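Enquirer: Take a look at this one; I'll ask things after.
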There are 2 protein chains.
Amino acid sequence: MNDTNQYNVAVVGATGAVGLKMLETLEDRDFPIGELKLLSSSRSAGQKLTFKGREYVVEEAVPESFDDVDIALFSAGGSVSKKFAPEAVDRGAVVIDNTSAYRMAEGVPLVVPEVNEADIQKHKGIIANPNCSTIQMVAALEPVRKQLGLSRVIVSTYQAVSGAGNEAADELREQSMDFLNGEDLKAEILPVKGDEKHFPIAFNALPQIDVFQENGYTFEEMKMINETKKIMHAPDLSVAATCVRLPFFTSHAESVYVEVEQSGVSVQDIQNLLKQAPGITLEDDPSTQTYPTPLTAAGKRDVFVGRVRKDLDHEKGFHMWVVSDNLLKGAAWNSVQIAERLVANQWL
Amino acid sequence: MNDTNQYNVAVVGATGAVGLKMLETLEDRDFPIGELKLLSSSRSAGQKLTFKGREYVVEEAVPESFDDVDIALFSAGGSVSKKFAPEAVDRGAVVIDNTSAYRMAEGVPLVVPEVNEADIQKHKGIIANPNCSTIQMVAALEPVRKQLGLSRVIVSTYQAVSGAGNEAADELREQSMDFLNGEDLKAEILPVKGDEKHFPIAFNALPQIDVFQENGYTFEEMKMINETKKIMHAPDLSVAATCVRLPFFTSHAESVYVEVEQSGVSVQDIQNLLKQAPGITLEDDPSTQTYPTPLTAAGKRDVFVGRVRKDLDHEKGFHMWVVSDNLLKGAAWNSVQIAERLVANQWL
């Protein structure tokens with residue numbers, strides 16, 4: 001920290017889909033930045049990016065890049081975080097890591113500020129930003145859990161391609177155009193860049209996000225299951241997830257079934273809790289066809305909830321539809337929000 | 001029926017998305033047709049369609065159209081079925097109705113042949129074809145229910161635009177092109193043509209299929225809930241549904257959670273039941289990224305199931321991913337299949 005309560009910030013993976021949104025969000029929020037460093041792999045080094053009207057050259061990340069850095073926002077893949085986050089911490093920086101590298105590690109807080117802001121202060125240098133689809137779900141469920149208790153969650157996701165990076169968005173764009181022109185579709189990125197097979201996403205749905213685990217679940221599904229329990233401090237909460245990639249660019253949507261612990265809860269009770277909750281916008285009125293969609297949520301920082309219904313058979317069961325911009329609340333905004341709370345609470 | 005075991009068939013709504021698939025399917029299956037009549041509203045009358053190399057002029061449906069018709073396949077909207085199905089029955093035809101007009105009516109069998117073929121013989125002139133998203137789900141669940149019992153179903157759907165007709169498919173095509181060209185999107189059909197507001201479907205997801213009911217569920221969701229219980233003869237089965245329209249043309253996909261009644265069931269037990277089940281193709285091998293998708297199921301008659309997993313917390317809970325061509329098994333093929341069973345069993 002320098003003299004005027006400004007912080008030296010590094011953004012690692014600055015040229016990626018999330019990195020660019022981090023810069024936008026830091027600028028929008030007028031985050032008190034002293035010096036800004038934009039870092040990347042050697043492949044993207046040399047690119048130029050503009051922040052608050054000034055041009056920055058993206059540099060290749062090396063251990064020394066983190067000298068004098070106060071806060072380092074990482075979003076360049078798990079291997080980059082594993083390599084450089086400890087280097088940054090050794091040099092006195094606090095790392096806010098958007099990859100899955102440290103999320104489930106003991107002693108690393110996994111934080112959605114609306115849910116578990118206080119966990120931030122327990123950090124030992126690294127704070128993990130949860131998986132995009134997890135963040136928006138726990139933000140929507142926490143007000144319910146806090147007031148009514150929560151015993152069970154079953155979620156089916158509808159996830160945007162930008163969650164797999166700019167290349168995946170480019171692939172959707174190209175495939176869509178080829179499809180509309182009656183041409184064959186080339187699939188090289190989705191469902192998972194590093195996996196063996198690739199399938200078209202344009203005008204399709206792929207029930208695979210990230211690689212398969214031995215238990216038949218994908219890693220994305222296991223992230224939702226395990227991270228939800230950690231963030232909510234609810235190891236006994238039953239969570240099940242099915243994650244599906246869909247042909248839209250921005251925002252994840254989720255069909256969420258929950259069982260609350262209290263009896264006699266009404267739809268209106270849930271709606272009232274959500275209305276008052278920080279970071280949540282309730283968009284829920286069937287009489288006027290009011291509900292959130294990926295297109296309407298894109299570019300906004302809130303988590304949007306609609307279609308709140310009581311299960312017709314299970315007295316404690318409720319269904320809802322949760323939508324949020326996966327690059328903002330699901331990634332960049334949640335990371336910057338952690339940085340803001342870190343600074344505001346002087347937990348650096 | 002004429003002398004040579006041939007049947008006079010009328011297709012009502014012949015020019016629609018489902019009507020055209022009915023003609024294709026009747027041709028593919030070499031259904032024993034004597035005379036074929038193609039009927040429609042006055043708006044589409046006069047159009048020409050080809051069947052087995054012969055050209056037919058589509059006629060406006062009037063009561064007398066059904067004179068001498070043995071089997072009438074209706075798919076021209078609920079109001080057309082309400083008006084003309086009784087006229088057809090009065091003239092001795094058996095009606096197989098693909099609209100929701102008679103599905104829940106007492107005395108009208110609601111049939112998916114793999115599930116409740118025997119119900120066909122109870123007809124009093126009208127046999128109802130279930131809702132597209134219901135058909136594929138019950139086809140996949142019946143083998144499980146029969147062997148292991150079924151206490152609970154929670155489904156989130158991923159539904160193609162063609163379920164809302166050719167106009168909706170045209171809308172997706174035009175909006176997609178406009179979006180890719182950076183132009184504004186015109187929304188006039190989806191989510192529901194007759195509803196007040198319309199929203200873009202291109203690169204989006206709309207959590208509304210059919211109009212909202214007073215309980216906050218959409219009519220599509222209530223169809224899945226009520227029709228499933230009727231087809232499976234399981235009034236006490238707990239069924240919950242969230243139905244979502246997505247930007248692809250053909251095939252509905254479904255993320256289905258079920259609870260079986262028996263204990264000690266394994267994923268392999270479920271997979272084995274599905275492998276042996278009529279009309280089901282199991283495509284389920286995470287080690288080779290094998291699972292069904294809307295694009296791979298399109299144009300095929302079977303129901304495809306993949307991603308069978310055991311719930312991690314509930315011993316009797318299982319998740320699966322069910323995909324089928326909504327215009328074939330979800331509509332035209334199931335209707336023609338009913339006609340085939342009607343004829344084979346001499347239940348006319």
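Cβ atoms here come from the backbone N, Cα and C positions, even for glycine.
Caution: TrEMBL annotation is automatic and unverified by curators.
Pulled the feature table from TrEMBL, pasting it below:
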- B:8-123: domain 'Semialdehyde dehydrogenase NAD-binding' (DOMAIN)
- B:THR15, B:GLY16, B:ALA17, B:VAL18, B:ARG43, B:SER44, B:SER162, B:GLY163, B:ASN326: NADP(+) binding site (BINDING)
- B:ARG103: phosphate binding site (BINDING)
- B:CYS132: active site, acyl-thioester intermediate (ACT_SITE)
- B:GLN159, B:ARG245: substrate binding site (BINDING)
- B:HIS252: active site, proton acceptor (ACT_SITE)
Enquirer: Do me a favour and check the Cα-Cα span between B:ARG245 (substrate binding site) and the residue listed as 'phosphate binding site'; whole Å is fine.
Expert: 22
Enquirer: Can you tell which of the recorded positions B:ARG103, B:CYS132, B:GLN159, B:HIS252 lies nearest to B:THR15 (NADP(+) binding site) in space, using Cα positions?
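Expert: Comparing Cα positions, the candidate nearest B:THR15 (NADP(+) binding site) turns out to be B:CYS132.
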Enquirer: Counting by DSSP, what is the helix, strand and coil composition of the domain 'Semialdehyde dehydrogenase NAD-binding' (B:8-123)?
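Expert: Helix, strand, coil within the domain 'Semialdehyde dehydrogenase NAD-binding' (B:8-123): 39 helix, 32 strand, 45 coil.
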Enquirer: Show me the subset of B:ALA17, B:ARG43, B:HIS252, B:ASN326 whose Cα is within 10 Å of B:GLN159 (substrate binding site); these are the recorded positions I mean.
Expert: B:HIS252, B:ASN326
Enquirer: Can you count the other CB atoms that lie within 10 A of the CB of B:SER162 (NADP(+) binding site)?
Expert: 25
Enquirer: Any idea what DSSP makes of B:ARG245 (substrate binding site), helix, strand or coil?
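Expert: DSSP call for B:ARG245 (substrate binding site): strand.
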Enquirer: If you count other CB atoms within 10 A of each CB, which of B:ALA17, B:CYS132 wins among these recorded positions?
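Expert: Buried the deepest by this measure is B:CYS132.
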Enquirer: Comparing the binding-site residues B:THR15, B:GLN159, B:ASN326, which residue's C-beta has the most other C-beta atoms within 10 angstroms in this structure?
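Expert: Compared across B:THR15, B:GLN159, B:ASN326, the most Cβ atoms within 10 Å surround B:ASN326.
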Enquirer: Report, in whole Å, the straight Cα-to-Cα distance of B:CYS132 (active site, acyl-thioester intermediate) from B:ALA17 (NADP(+) binding site).
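Expert: About 13 Å separates the two Cα atoms.
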Enquirer: Taking the Cβ of each of the binding-site residues and counting other Cβ atoms inside 10 Å, which one has the highest number: B:ARG43, B:ARG103?
Expert: B:ARG103
Enquirer: For the recorded positions B:ARG245, B:HIS252, which Cβ has the most other Cβ atoms within 10 Å, all shown protein chains included?
Expert: B:HIS252
Enquirer: Rounded to a whole angstrom, what is the C-alpha distance between B:ARG103 (phosphate binding site) and B:HIS252 (active site, proton acceptor)?
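Expert: Cα of B:ARG103 (phosphate binding site) to Cα of B:HIS252 (active site, proton acceptor) measures 20 Å after rounding.
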Enquirer: Mind looking up the mean pLDDT for the domain 'Semialdehyde dehydrogenase NAD-binding' (B:8-123) in the predicted model?
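Expert: Mean per-residue confidence for the domain 'Semialdehyde dehydrogenase NAD-binding' (B:8-123): 97 out of 100.
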Enquirer: Which state, by DSSP, holds B:HIS252 (active site, proton acceptor): helix, strand or coil?
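Expert: Its secondary structure by DSSP: strand.
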Enquirer: If you measure the residue listed as 'active site, acyl-thioester intermediate' to B:ASN326 (NADP(+) binding site) at Cα, how many Å is it?
Expert: 6
Enquirer: Please report the Cα separation of B:ASN326 (NADP(+) binding site) and the residue listed as 'active site, proton acceptor' in Å, rounded to an integer.
Expert: 6
